[in-house]
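Feature annotations, courtesy of Swiss-Prot:
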type     : residues : note
DOMAIN   : 10-118   : domain 'Glutamine amidotransferase type-1'
ACT_SITE : Cys87    : active site, nucleophile
DOMAIN   : 119-304  : domain 'GMPS ATP-PPase'
ACT_SITE : His176   : active site
ACT_SITE : Glu178   : active site
Amino acid sequence: MQSARRHLNTIFILDFGSQYTYVLAKQVRKLFVYCEVLPWNISVQCLKERAPLGIILSGGPHSVYENKAPHLDPEIYKLGIPILAICYGMQLMARDFGGTVSPGVGEFGYTPIHLYPCELFKHIVDCESLDTEIRMSHRDHVTTIPEGFNVIASTSQCSISGIENTKQRLYGLQFHPEVSDSTPTGNKILETFVQEICSAPTLWNPLYIQQDLVSKIQDTVIEVFDEVAQSLDVQWLAQGTIYSDVIESSRSGHASEVIKSHHNVGGLPKNLKLKLVEPLRYLFKDEVRILGEALGLSSYLLDRHPFPGPGLTIRVIGEILPEYLAILRRADLIFIEELRKAKLYDKISQAFALFLPIKSVSVKGDCRSYGYTIALRAVESTDFMTGRWAYLPCDVLSSCSSRIINEIPEVSRVVYDISDKPPATIEWE
């Protein structure tokens with residue numbers, strides 16, 4: 001059986017640094033098509049050898065006219081492989097074929113857009129054009145299109161929001177179809193490109209590698225057992241690294257700016273004597289849970305809220321002291337207890353408390369005092385790359401605040417974080 005890394009019928013995503021690359025990869029896999037994220041500077045020879053069915057160019061934080069901006073090898077366009085270019089990728093494609101890109105009025109967040117009938121939109125736009133809403137995140141604009149391309153989308157601020165060259169099977173979108181919670185038509189656009197234009201068969205399922213993973217784990221356990229039987233020296237280090245950890249940590253060769261530095265990616269010394277085992281490294285969180293269910297793990301384990309590998313230390317903002325951690329543990333326990341009491345714990349994706357080393361004035365027992373601040377954070381998300389703050393009932397928040405302030409003397413104030421991701425991240429550090 002082939003490993004996931006050499007899976008056939010693959011879509012490649014060339015990463016130019018977009019923080020939505022993780023989301024994009026996951027949306028393609030949700031279409032039951034295997035995809036991999038690769039650095040933008042991958043060689044043409046490697047692409048020829050791997051023979052992907054399609055290529056997606058991600059967005060990125062750069063401008064195509066910057067001196068050190070990442071650029072695609074023009075020979076890639078000559079491979080005859082369908083290409084969907086998103087945001088920065090579209091600007092790059094337009095420029096590479098003779099179009100122009102210039103700074104313009106920025107568009108961020110929800111944006112009304114006009115979609116025109118075309119091959120990419122054929123399942124959402126019939127004979128007439130369609131007005132809908134999409135997710136934008138750009139400042140630069142394609143100002144003139146290359147010869148052989150047509151405009152397929154426009155907004156009030158960006159007249160060229162989508163382009164296509166059906167003869168060469170090249171498509172560009174200034175918006176982000178992968179952010180499906182804010183782009184209702186995005187999944188259908190990706191489905192059309194992946195399954196119809198690229199003719200990718202819907203064969204991918206994380207359960208297909210279950211037998212292979214179990215076999216490898218069994219072999220590893222036997223090998224470790226044999227070695228331990230001969231010596232008490234430790235030989236192995238097992239890590240629960242998943243694919244989102246790898247992508248978010250912006251590994252070498254990728255253009256992505258580091259947003260999260262995961263403790264289990266790139267942090268091990270090169271001369272490490274232990275042998276590293278990472279059986280889940282190329283699976284997303286949801287795919288790991290699917291495997292867990294197939295392996296018979298309990299829902300108590302599979303549905304627990306994520307907890308950071310470094311522990312509570314990243315939820316103490318600033319200097320980390322034992323007394324700060326003690327306060328945070330008590331506050332977090334109260335918060336989770338109240339959520340479970342209100343039967344809300346299983347309805348939200350993640351919830352936790354944070355310790356802020358900020359003292360503010362309060363009145364306790366007719367006396368003036370100063371105490372620390374506790375922030376409460378609860379989010380709803382399907383992939384943890386984007387998310388919305390959870391709308392908790394006021395009576396639940398009131399109960400949490402009252403208990404924390406009354407049961408933890410060092411705390412005088414409780415606040416609730418109502419920031420979405422993006423722009424905020426789920427964890428504060």
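The count begins at 1 with the first shown residue.
Each Cβ is built from the backbone N, Cα and C atoms, and glycine gets one as well.
The DSSP breakdown of the domain 'Glutamine amidotransferase type-1' (10-118), given as helix, strand and coil counts, is 32 helix, 34 strand, 43 coil. Around the Cβ of His176 (active site), a 10 Å sphere holds 23 further Cβ atoms from the protein chains shown. The number of other Cβ atoms within 10 Å of the Cβ belonging to Cys87 (active site, nucleophile), over all protein chains shown, comes to 23. The Cβ of Glu178 (active site) has Tyr20, Val23, Leu24, Gln27, Ile86, Gly186, Leu190 as same-chain neighbours under 8 Å, each 6 or more residues away in sequence.
On a Cα basis, Cys87 (active site, nucleophile) lies 7 Å away from His176 (active site).
A coil conformation is recorded for Glu178 (active site) in the three-state DSSP classification, outside any helix or strand.
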